[in-house]
Amino acid sequence: MYKASTGAPNDTYRVAQVANHGLLTYPHRLNFYDAPPLFEVTAEEFETSAIHRLHILSEIETSAARNRTWDELKKVTAIQCDQHLPLGHNIDKTEDLDGERRRDYLSHFVLRLAFCRSEDLRQRFVKAETTLFKLRYESDLINERASFLNSRDFNWIPVDATEQKLYAKELNSPYFGKTEAERLAEKYYKVKWTRVPDLVERRKVFVKKGWAYVPSREQSSIVFHEFETHLQRALEMTAKLIPRLDEDTRLIPVLDNLSRAFLNGISSEWTSTADAGNSETIKAEQVDSLAKKHFPLCMRTLHDNLQRDNHLKHFGRLQYGLFLKVLGLSVEEAIVFWRKSFSRIADDKFNKEYKYNIRHSYGLEGKRANYPAKSCQQLLTPGTSDHGCPYRNYSPENLQTALLSAYSSQGLRSSDLPEIMSYVKSSHYHVACTRVFELTHSTDGISKGEGLGGYENVIHPNEYAARSIALAKMKEEKVKEEPMVVE
Amino acid sequence: MEMDIGNDPTSTEVMLAFYRRLYPFKSIYNWLNHEHAPTRLFTHREFAFTLPGDVYLRYNSFTTADELKKQVCDLKPTRFEIGPVYSARPRDRKTVRAGALTPVLRELVFDIDMTDYDPVRTCCSEADICKNCWQFIAAAVHVLDMALRDQFGYEKLLWVYSGRRGIHLWISDKEAMELTDQQRKALVGWLTAVQAGKESSKKLNLHTGGRLSPSLQMALDYLNTIFGSLILSNQDCFLSEEGYEELLKVVPDAKVAAALRTKWESSPSRSSERKWVDLKKRAAAENFMPTLEDIIIQYTYPRLDAEVSKHRNHLLKAPFCVHPKTGRVCVPLSLDMIDNFDPESVPTVGQLLKELDKIKREEGDGAEVHSDWEKTSLKPYIDMLDRHAQSLMEVTRNEKRKSDMSW
Ligand SMILES: [Zn+2]
């Protein structure tokens, strides 16, 4: 993906392009998504394509929240695109260009349905989609991009020689940069200034009587703004139509899930790779030291409360128990662990009331279901009880105290708190948690922006812990490999 | 105030008399509505009232001018503000679906306040204003008026004295009414060269390739014509040590700045004009002419309150309200009145009611008539608003005719 043109000879290229154009349902990699899909879609395709796109949009949102530079954003988004929604150029020898583009097209429209339903969601979706469009526009091949631009009417008026002469002094001003020769050779397009607000805001164009004279090198501003307003309008239209959809009871839960996932960071329930189980088994005795070194704040808090009170309420037990199960605590070890922790309770009562529940959560009792551990998304869902995500549930004061007491031994300083709190304030709880991971793992070689490594955000408490444990192991092995240098 | 009705120009008796007999509700209606029959431009428009004791009532809306007048006379607000046209009637906001009440149309508005010029004016400070420092406002008006017409093509501009130390601008062109918040923000960015507020002595860096943008160049061409009279002679900004030190701060060459400082220290009475000539000579020799352009802009370019202009839902005091501190009426001003405008000459509510009483005595006690203001010094200002409203209504008429023909 995104590889630069390999410099194929022009005629070869042209042949390829002509051939493709005759065959492709979607002749361009870039898409303004004008008309909704009319083809039949299976329920599974409907949901999975949307989830794939959601991964990409979440990455874009996160990047904005973390102030990533454009180049960093490009890099991390390209990784997500390759993995979830690859989109080839016409010139690529990709087998299924149409299939890729169909998935892109479908997923966009599914997410429109999910995100049209509140002004906040609409704005965030438009912002993320416009960024994705910009990234694809930038990475498109010049010829293919030109052919896309020619395929639709952007309503820009080429400025003729007479008019260009009339405003020669202004248009050729050194203020607009470039050399004099370049300025004189420049082509201009006239659009209403309201279509290039970004250029106007920065005084990057000449404006006269309501018209902006946009040099061809700034033409993309028109395209991006057009994409943005086009999508904004389309979402508002969709929002008006959606009450009819509410009758379709199969669809609404899916859409609800999608929009919630976007708000809370996408959940690992949906990622095949993120079966965050740990192949190694853990002993009951190890839990305490693991908790102090490797657990995210939600689980760390539950652990500390359990140790302090020798008790946890039902939801806390359930949540922490499932987390430990996925971490690698066997049912036998779990019973040992909880027995020790609940030290104030008599054996009799423990065996009767708690042992059953522990075995139940391991699928050994009752309906014998294999209950998954709760993801961040589930913990962030309002009404999860007071054991949800501390970044969301705690007051700012309590959260800061909790963070320092949990992590200052791992290098978290109070000077780190303002940044973390700023993510919390803007409701990017998973970003806050990810940042804490980065700060407490900087000695493992994790730097700012890398997340759990590989630019992944925290979306599951088990991933946090598993990744932290893995990093510690890698470090140990490295120490073993590199013999100490003794002077 | 000079009135016998007491010292409080906003006592409820005074306000009631003013609203009943003088306030031009019909003209305001025409100006907001753009035609005779009520449209959404009026019926979906938010009005907010400020009552004595800082009670603030938002989301009022009315179907007619009379309804507005009746409510205003009942509430007797110290002032009221005009907001955007919403997607539904603001007064129904509790019954419309959540999120259905969004601002859709709004005049493009600007607010220029004298206090933003405190770092550069020498004659007055804070709430005070005189004919001299009004010239800062006058310069701002000329620059903005020119830019908005020349670059954005707007024509329906109404300048309104804010009643104390500033001026408001309301632009009612259709294209301006329809601007989104994003576009308003862009337009404000385009017009902003000097940040109003604390960091006003920050370097401007407006040049690229040694040039200003064509729009700022146009503003500078005008500001050049008033810089001498306003900044050098009238305000004498660089006479004091504090004043010329501000100037030396932006001189890019430390050696030049030091030389000028020595020279100016040794002759404390050296006028701002002479100092400017000193600086200009060095700028030509040392090649920092763009810095001089920055300075002219720094001292005279409009200082905008950006927040007022950027959001459609920002409320702004209605024209013809009474300023609670000065008792002066917020009257419209035409461009040719701006330069010689004297804030002291604006009629106060007390003075206007006195004029009415005098007429009553001369003509005998009759029933109050709607056009009482015809006989007061408020008349020329109301005529001005009426002419402006008429020109808006004419645009609407022409558009309707055009669309009739196209059918
Ligand atoms: Zn003054």
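Placed from the backbone N, Cα and C atoms, the Cβ positions cover glycine too.
Heads up, TrEMBL stuff is auto-annotated, nobody curated it.
Here the structure is a predicted model, which means the values were calculated and not measured.
As annotated by TrEMBL, [4Fe-4S] cluster binding site applies to A:Cys298, A:Cys376, A:Cys389, A:Cys433. The C-beta environment of A:Cys433 ([4Fe-4S] cluster binding site), restricted to residues of the same chain at least 6 apart in sequence and closer than 8 Å, consists of A:Pro296, A:Leu297, A:Cys376, A:Cys389, A:Tyr391, A:Val458, A:Tyr464. Taken residue by residue with DSSP, A:Cys433 ([4Fe-4S] cluster binding site) is part of a helix.
Per TrEMBL, the feature domain 'DNA primase large subunit C-terminal' maps to A:289-464.
Take the mean position of the Cβ atoms of A:Cys298, A:Cys376, A:Cys389, A:Cys433, the recorded [4Fe-4S] cluster site; other residues of that chain with a Cβ within 8 Å of it are A:Pro296, A:Leu297, A:Leu379, A:Leu380, A:Gly388, A:Pro390, A:Tyr391, A:Arg392, A:Tyr429, A:His430, A:Val458, A:Pro461. Highest Cβ count within 10 Å among the binding-site residues A:Cys298, A:Cys376, A:Cys389: A:Cys376. In the predicted model, the domain 'DNA primase large subunit C-terminal' (A:289-464) has a mean pLDDT of 85. A:Cys298 ([4Fe-4S] cluster binding site) falls within a helical segment according to DSSP.
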